[in-house]
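Peer 1: These came from TrEMBL, pasted as-is:
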ACT_SITE  GLU16  active site
DOMAIN    115-304  domain 'ATP-grasp'
ACT_SITE  SER154  active site
BINDING   ASP259, GLU271  Mg(2+) 1 binding site
BINDING   GLU271, ASN273  Mg(2+) 2 binding site
ACT_SITE  SER282  active site
Amino acid sequence: MSRTKVAVIGGGSNGEHDVSLASAAAVAAALDPERYQVVGLTIGRDGTWQDSGGDPLGLADAITTLTTCDVVLPIVHGPRGEDGTLAGLLEMAGIPYAGSGVRPGALAMDKWVTKLIAEDLGIRTAKGRLLTAGTASGYAWTGPVVVKPVSAGSSLGVTLVRDPGDLPAALTEALRHDDRILVEEVITGREVDIAVLAGTVSPTLEIVAEGFFDYRAKYGGGTVFQVPAPIDPSEVKALETAATSLYEALGCRGVARFDFFVTEDGPVLNEVNTMPGFTGHSQVPRMFAAAGISYSALLDALISDALA
Ligand SMILES: Nc1ncnc2c1ncn2[C@@H]1O[C@H](COP(=O)(O)OP(=O)(O)O)[C@@H](O)[C@H]1O
Ligand SMILES: [Mg+2]
């Protein structure tokens with residue numbers, strides 16, 4: 001049987017470059033060499049492409065390399081990766097790829113638009129206000145808030161502000177990551193995530209972190225994931241229904257992760273990730289492992305979904 005030639009793209013020109021590299025390296029290493037021939041490509045922090053040997057590739061040459069592959073795994077988180085741009089490039093070049101297309105990527109990367117869509121589907125989100133560099137200084141303090149960029153990831157630029165004196169710095173920090181930012185009410189609840197893979201929902205996962213789930217907590221190793229999350233069956237059902245309806249409404253493909261707060265009044269959606277962390281110990285592989293789907297079986301499913 002001839003092997004499937006799979007391009008694995010990692011890196012990306014945003015603050016999650018290193019996280020994407022780790023995901024892509026783990027994915028490439030987990031693909032069964034008897035079944036897959038892996039071609040690695042990296043997008044640098046400056047947006048330029050490199051081949052597996054680290055040599056620079058012009059964009060046209062990168063596309064030529066991609067067109068020799070049967071399928072692409074674009075394992076790039078964040079802006080100019082997960083936001084539909086990379087999917088758009090692959091669409092235009094007519095190359096099959098795993099994961100969501102342009103529209104779901106762009107919609108889910110925008111936390112403000114995600115709120116509008118979720119609320120329309122009857123899924124609660126944190127009340128938030130959209131601000132820009134022009135309007136941020138006019139924001140009047142009414143109490144503790146979470147300040148975040150509209151489009152970023154890995155908690156970059158996200159600050160929990162309890163003291164009004166800390167607000168200006170938090171606004172400035174969020175504006176470093178995006179020209180639109182959100183100021184949200186602080187939600188109190190367990191952080192519970194769930195994934196959907198082509199119609200199948202995963203077990204739930206609770207992030208047990210001390211306080212805020214920031215970049216350090218995410219990648220510093222101090223955070224515990226509990227799978228399945230210790231929540232009531234009715235709460236699990238509510239998360240499954242909400243995640244599935246969002247997956248369908250956005251028009252996702254492949255795998256997407258839906259991050260919620262489980263509060264006393266039910267689930268509150270925090271965000272949707274159309275290219276979630278993908279190392280072997282990241283959330284999505286851990287969720288599916290608990291359902292008996294190994295990391296490599298999960299990658300097989302992603303590839304089959306892309307080629308279906
Ligand atoms: N409205 C909120 N209330 C309470 N905590 C929040 C809120 N928004 C974000 N957080 C905390 O900040 C973390 C990162 O925010 P999030 O919006 O998920 O950004 P990212 O896309 O960078 O992961 C969340 O995992 C959560 O711990
Ligand atoms: Mg998050």
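Glycine is treated like the rest: Cβ placed from N, Cα and C.
Unlike curated records, TrEMBL annotations are generated automatically.
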Peer 1: Check the recorded positions SER154, ASN273, SER282 for other C-beta atoms within 10 angstroms of each C-beta and report the one with the most.
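Peer 2: Of SER154, ASN273, SER282, the one with the most crowded Cβ is ASN273.
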Peer 1: For the recorded positions GLU16, SER154, ASN273, SER282, which sit with their CB under 6 angstroms from an atom of ligand 2?
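Peer 2: Near ligand 2: none of them.
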Peer 1: Spatially, and counting Cα to Cα, which of the recorded positions is closest to ASN273 (Mg(2+) 2 binding site)? Options: GLU16, SER154, ASP259, SER282.
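Peer 2: When the Cα distances are compared, ASP259 comes out closest.
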Peer 1: Taking Cα atoms as reference points, rank the recorded positions GLU16, GLU271, SER282 by distance from SER154 (active site) and give the first.
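Peer 2: Spatially nearest to SER154 (active site) by Cα position is GLU16.
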Peer 1: Select one residue from GLU16, ASP259, GLU271: among these recorded positions, choose the one with the most other Cβ atoms within 10 Å of its Cβ.
Peer 2: GLU16
Peer 1: Please go through the recorded positions GLU16, SER154, GLU271, ASN273, SER282 one by one and keep those whose C-beta falls under 6 A from any atom of ligand 1; give the result in sequence order.
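Peer 2: Among the recorded positions listed, those whose Cβ sits under 6 Å from ligand 1 are SER154, GLU271.
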Peer 1: Mean pLDDT over the domain 'ATP-grasp' (115-304): what is the value?
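Peer 2: Value for the domain 'ATP-grasp' (115-304), mean pLDDT as a whole number: 94.
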Peer 1: Work out how many Å separate SER282 (active site) and GLU271 (Mg(2+) 1 binding site) at their Cα atoms, rounded off.
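Peer 2: Cα-Cα distance, SER282 (active site) to GLU271 (Mg(2+) 1 binding site): 17 Å.
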Peer 1: For GLU16 (active site) and GLU271 (Mg(2+) 1 binding site), determine the Cα separation and express it in whole Å.
Peer 2: 16
